[in-house]
Amino acid sequence: MTSLNVLVAVCLSYVVLLFGVAFAADRLASAGRSTWLRSPLVYTLSLSIYCTAWTFYGAVGYAARSGLEFVTIYLGPTLVMIGWWWGLRKLVRVGRSQRVTSIADLISSRYGKSNTLAVCVTILAVIGVTPYIALQLQSITLSFTIFAETDPAGSYVEGSSAFWVAAGLAVFAILFGTRNLDANERHHGVVTAVAIEAVVKLIALLAVGVFVVWGIAGGVFDTLQRIDASEIGVWQVDHGRWATITFLAAAAFVCLPRMFQVMVVENDDERHLRTAAWAFPLYLMLMSLFVVPIAVVGLEILPEGSNPDLFVLTVPLAQGQEMLAMLSFLGGFSSATSMVIVAAMALSTMVSNHIVMPIWLNAKGGGASVSGDVRSVVLYARRVSIAAVLALGYFYYRLSGGGAALASIGLIAFAGIAQILPALVGGLFWRGATRTGALVGLTVGFVLWLFTLLLPGMGAGVLAPSVIEQGLWGLSWLRPQALFGIEGLDPMVHSVMWSLSLNSAAFCIASLLSFPSPLERLQGAQFVNVFDHSAGPRGWSGSVAQSEDLMIMSQRIMGAREAQEFFQAEAKAQGSRAYFPEPTPAFLERLERELSGSVGAATAHAMIGQIVGGSSVSVEDLLAVADESAQLLEYSSRLEAKSAELSRTAHKLRDANEKLTQISLQKDAFLSQISHELRTPMTSIRAFSEILRDTDGLEVAEKTRYAAIIHDEAMRLTRLLNDLLDLSVLENGQVSLNVTEGMLVDVIDRASSTALTGSINPLKLRRNRATERIAIRTDLDRLTQVFINLIANAQKYCEAHEPTLSISVHDVGGQVVVDFVDNGNGIPPHSQKMVFEKFARVSAEKAGGAGLGLAICREIMQRLGGNVTYLPGQEGGAFRVSLPLGLEIAAQ
Ligand code: ADP
């Protein structure tokens, strides 16, 4: 007899081997050299977690008890694989394009990212799967006890093995299921370990089968005869049960969280389904090939009352085939562990994503903007969830006492999980399906399943016998096993019929009656028409050609040199001598991170997804991209505004600078002008005063003449200084105006008499005094000063034979103007503007003016709010004084 210690040692070595395989596979995958890990064979084998210990051991027990009905458990998935591969393909495509992490995530995302739905599915899954995990723990414990029967340590084993197994599985699942938060949620290590276990359990079952047929029964022919002789061989078909269980197995194959995990989430390439479509049914066929022979022979050779669920172990043991029994034990162990690990991983993803994280984020008050923070919380939540799921399974096992009630739990769990089917299939194929519909359907199905199957199945302690016999609240149509008065049906058929049909009906009716939100509509369209939107069956497994495309795109975003350096560094890190790195997931992830620095995370993801084709762009992606673009647009428009402002400021600065330069030049010119203007009279004054001082005997007449010259020059100097002072006061704005009312005619009178007094050849004035009778309100003295200047200029510069100045008053566009037009030569056009500048003189030195008169006039008129301009096109010199608007009171 194999000692328990040897068994434990074998078990531990097997587990260490699995750890090693998982570890190596993870390493290979992260190094990007995981081609064989992504083969269709591994994918097909990973699907075999459908065959749990319940199928490994239980199928034989099932056959021993109920004959050929066990076939239905294999028939369901086979029919799905062969007859519904197109539906699976759609499921896988949707899962990939929406980056779905679990079946709860898929349902929630189809119905407008509804977390309520996700929570419902998660709860349903936890309730449905926990007993199933307990079942696996029970099977491992039972198989241990078979070996331990003769071992003194046996009693110890029964109590503690379930606990240690649960703890060990939790560690495995945590180690390999939550190593990192891969965006694709793929776990190469776990999948590879599961594939190995699939091979072990197949070989184990086949080995036991071969031994039974050829070692015990004496060949195929004899075996068939024995089968014919036994009750199992009797073809007894309960059509209702057959159809129901086949359907349930099919539904569970699609909806079970662990199946969804390996089939959709872990799928690397849609094309793998093509291989799996025939290879997986083949695997199932091989698994079921020897079930009947083992059952028949077991019933024959083992003493009555032996547990048929353990024939796979006890038959070889009874024949003294300890090595074979050991292999068979490992097969059962593999079936149980792989199921538990994947189920715990799948459930933990759902629990942490849809229950723990929302609660945590809520508690944090939306302060989860730091992504690193969230990542570690997610990982932590996953780990805790895995431990919690396994603890739940363990406690369920302890509480249920591991009895026969557990053995029937497999189908009950199937029926519970199948409640997801209407919402899932409806969501994939019917655009009209709504969130409300899915919620109502799920709730109806869940409640009915609970009431008609789970609770009655849990024994009398849970549901009072009176309820089962007389119905809820004494209503006979509410009897759990005879709902609405339909009696005589098998409880399983009864429950599945009512729960699924009412679930589907509620789902359809509520969908038709409710209105989907916009996001729901969009997601619905994405799901139903997934083949129109998403890329073909190319995975992240890209080709070098894709690397080139990625390079071209990256160059545009990062800049040519940076992109080339990044790609070269990556190629080098991969140990490749090629210019382009292999587009491994690790590389793509780094590239995405690199690009997201420039264009935002969502855009980077969408762009890479477009090229690599691993995922199509989801509505959320698009919304996020739109958000980012809006932000970028806003940012760039702000930049544009800023740069416009800057260029305006620069323009102003340039203008100011030019002005300053001009002013500085003007100042220089002004100073040299002034010194020139001052020096001329000063020179005369000095010269004549020296003559007066130094020359003796000058005649009186000469003395008088010289003194007169000195006097005139001094007067000129005084005038010049007065003008300069006046101008500087006006220019600095220090002048204070003395505004009074008066008549324009008086101002002109005063100006002309002042200007013309004492002149030898007085200018002839031509006026129309009637038009000049306008009352005005301004600084009359200053206005007079302007007029004096203009009249004096005409006097000085008009070279006509009979100099005449006509002064006329007009109304130009509502403004009073006074024109001074003489009959002289006027001012040549190119100098007309210039004469208003300081020291500007056209007829050089004539009459001794310093060229300040018109400059002063302009300053005064500007101060008064009016203007003085040259009036071109007249017969002689012509100036126009525009009186300030509104200063005249009324014409009289
Ligand atoms: P100034 O104080 O030397 O008279 P203004 O600034 O009054 O200087 O005039 C500038 C120049 O404009 C004069 O030097 C003269 O050449 C020209 N000018 C002014 N008024 C007349 C006019 N009515 N006819 C011809 N030239 C004129």
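The backbone N, Cα and C atoms fix where each Cβ goes, glycine too.
In TrEMBL, annotation is done automatically, which means it is predicted and not curated.
Per TrEMBL, the features are:
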TRANSMEM  6-29  transmembrane segment
TRANSMEM  41-64  transmembrane segment
TRANSMEM  70-88  transmembrane segment
TRANSMEM  116-135  transmembrane segment
TRANSMEM  155-177  transmembrane segment
TRANSMEM  198-221  transmembrane segment
TRANSMEM  241-260  transmembrane segment
TRANSMEM  280-303  transmembrane segment
TRANSMEM  323-347  transmembrane segment
TRANSMEM  380-397  transmembrane segment
TRANSMEM  403-430  transmembrane segment
TRANSMEM  442-468  transmembrane segment
DOMAIN    673-887  domain 'Histidine kinase'
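Taking every listed stretch (41-64, 70-88, 241-260, 323-347, 403-430) in turn, the largest tally of C-beta pairs under 8 A with the transmembrane segment (116-135) is reached by 403-430. Just going by CB pairs under 8 A, the stretch in 41-64, 198-221, 241-260 that sits most against the transmembrane segment (323-347) is 198-221. Averaged across the domain 'Histidine kinase' (673-887), pLDDT for the predicted model comes to 87. Within the same chain, residues 45-46, 48-49, 51, 56, 283, 286-287, 289-290, 293-294, 297, 301, 312, 315-316, 319, 321, 324, 327-328, 330-332, 334-335, 338 sit at least 6 positions outside the transmembrane segment (198-221) and bring their C-beta atoms closer than 8 Å to a C-beta of that stretch. Sequence-remote contacts of a segment are chain residues at least 6 beyond its ends whose Cβ falls under 8 Å from one of its Cβ atoms, and for the transmembrane segment (280-303) they are 44-45, 47-48, 50-51, 55, 59-61, 63-64, 68, 70-71, 74, 77-78, 81-82, 198, 201-202, 205-206, 208-210, 212-213, 216-217, 223, 226-227, 230, 232-233, 311-312, 314-315, 318.
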